[in-house]
Amino acid sequence: MSTLPISSVSFSSSTSPLVVDDKVSTKPDVIRHTMNFNASIWGDQFLTYDEPEDLVMKKQLVEELKEEVKKELITIKGSNEPMQHVKLIELIDAVQRLGIAYHFEEEIEEALQHIHVTYGEQWVDKENLQSISLWFRLLRQQGFNVSSGVFKDFMDEKGKFKESLCNDAQGILALYEAAFMRVEDETILDNALEFTKVHLDIIAKDPSCDSSLRTQIHQALKQPLRRRLARIEALHYMPIYQQETSHNEDLLKLAKLDFSVLQSMHKKELSHICKWWKDLDLQNKLPYVRDRVVEGYFWILSIYYEPQHARTRMFLMKTCMWLVVLDDTFDNYGTYEELEIFTQAVERWSISCLDMLPEYMKLIYQELVNLHVEMEESLGKGGKNISNSLCQGRWQKELGSQITLVETKMAKRGVHAQPLEEYMSVSMVTGTYGLMIARSYVGRGDIVTEDTFKWVSSYPPIIKASCVIVRLMDDIVSHKEEQERGHVASSIECYSKESGASEEEACEYISRKVEDAWKVINRESLRPTAVPFPLLMPAINLARMCEVLYSVNDGFTHAEGDMKSYMKSFFVHPMVV
C-alpha cells in the first residue's frame, strides 16, 4: 500500500483537549517488557508469483465440469423416486466435503428445501442410521430446524442408544457428526455424542477396521465436520472419496481442478500481500512485532476463500496485520503513558493528535488512517454507497478506543486474576474478533445493507459465541506462555482463583464453555435467521479457524505441526490433478 499523506485525510474535529504527559516521548531509560518472537519460517519465498501455463485451460475445464454437476443435482432433485433423494443428499455431502459447494449454492439450497418440504420429519430412509444422520446434519447445517427426536427409534426403553448399533460403524460415524449440530438442552444429541465417541474409539482400535474408515474416524474424533474449514476438509476428503468404488469421476476431477485454480489465485494474492508487508519495513521500524503475514493470510482464507470475495479478503488481511501490530504494541512494547495517549488519539481520529504520539506510534496511526482511506477509495471506485458500506466506521473507531483503553487499564492492574465474568466481558472487547467479522462485510455489495452493520455492531449471540470460542481456545493453549511473559491473567487463571480449581479442572471447565458457545452458534443458525444465512458464515468460520489455529498451541505465533503442513498444502505443494 502506498503511503498516503496524513494531511490529505478528512478528520473529525474535536474540541476536547488531548491529555498528554509532555515527558512521554522524552523519558530516558524507558523499561519495555518485550518478548523476542521467532522470525518467520517462510522467509521471502512468497514474494514472487509465477502463473502456471495451464491455468487458463484448468479454468475452462472447471466451467465445463460445473455444468455437468449442476445438471446432475437438478435432475436427481426432480425425480419422483424417493431413493433418488437418498442419492441426492449423498451427492450434496460429497460436493460440500470436496470444497466446491460455493459453485452450487442455489442448487443445494433448492434441493434441501425440496427435501425438507417433501419429507418433513419423516425421512424416506429413516431406519438407516447412516442415512438419517446425514439427512439430519445437512438440513441442520442449512438452517432447517428438524427435530433430534428422529433418533428415538435407535434408542431403547431406557432412553439409551441401542448397543446393537455398534455393529454399524458408518452409522455410528454419521450419528457422531450429526450430534455436533446440537443446541442447548438437546439431551438426545448430547447422549448421542457420548455414545458414539466411546464406540468410535473402540472401532478405530479394531485391527479388522478398514484403513479408510479408521482414517475418517481419527479425523472426526480430532475435529468434527461441523468445525472443519472447507479447504482443509477438501484436502482430507479427496483421497478418501477417490477410494470409494461409487465415486463420481467428474466430481472428483472438478474438486482437484478447482483446488488448483484457487491455489494459484491465493498464491498470487499472498505474493501481493507479502510485498505490501515487506514495503512497510516493520521488521526494522517496529522490530517487536511478529512477522506472521503468511499465517495471517491463512487465517483470512478461513473466513473467505472464494474468488468473489477477493477484495474483501484484502481488506481483512490488512486489518488483521495491523491488529497484530496493535496487539504486540499493547502486550509487548508500549508503556502505560504511551498507550493512554494512543487510546485518546484513536478516539478522536484527529490530525491534531499526531504530534502528541511517540515516533513509533505515529507510523502505526498513519497507516491505520491510510488503510481506512484505501478502503474508502476502493469502495468508491466500485460504485458502492460508502455511507452504507462503512456505516460501522464510527463504531469501529469507538470499539478501537474501548479496546485500547481497556487493555491499558488491565495492563496497569498487572497480571492479577479477576472474576471470570469480568474477564469475559472485557476480553470480548479487547479481542477485536467482532471487528474482524464486521470488516468481513465491507466490500460485499450483494446482500449487505445498513441494517447488517447495525446488527453486527449490536453484538448478537452468534457473534458473541464465535468470539468466546476464539478467546477461550486461545487461553487453553497459550495461558502458560502468557503468564511466563507477565501477561494479564487468562480465563484459566481467573477461574482457578475464583473456584479453587486446579489447572486441569479449569481447562476442562473452559472447554465446556467452548462447547456451550458452539450450541449457541448452532441455534442462531436455524431459520429464521436475523440476517441472510451467508452472512452468518464469517462468524462460523472464525470459530472453525480456532480448531486449527489453537489445536495444540498458538499456531499463529508458532506455526508448527498441522498448521505448517496445511499452509504448505495451500501455498507450496501444487495440487496433483
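Every residue gets a Cβ built from N, Cα and C, even glycine.
What Swiss-Prot lists as Mg(2+) 1 binding site is Asp327, Asp331. Swiss-Prot lists Asp327, Asp331 with the feature Mg(2+) 2 binding site, giving similarity to another entry as the kind of evidence. What Swiss-Prot lists as Mg(2+) 3 binding site is Asp474, Ser478, Glu482, and the listing cites similarity to another entry. Annotation comment: Swiss-Prot describes 327-331 as motif 'DDXXD motif'.
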Composition by DSSP (helix, strand, coil) of residues within the motif 'DDXXD motif' (327-331): 5 helix, 0 strand, 0 coil
Site with most surrounding Cβ atoms, counting all protein chains shown within 10 Å, from the binding-site residues Asp327, Asp474: Asp474
Cβ neighbour count within 10 Å of Asp331 (Mg(2+) 1 binding site): 19
Reduced DSSP assignment, Asp474 (Mg(2+) 3 binding site): helix
Cα-to-Cα gap, Asp327 (Mg(2+) 1 binding site) vs Asp474 (Mg(2+) 3 binding site), nearest whole Å: 14
Around the Cβ of Ser478 (Mg(2+) 3 binding site), the count of other Cβ atoms that are within 10 Å: 20
Overall pLDDT for the motif 'DDXXD motif' (327-331), taken as the rounded mean: 86
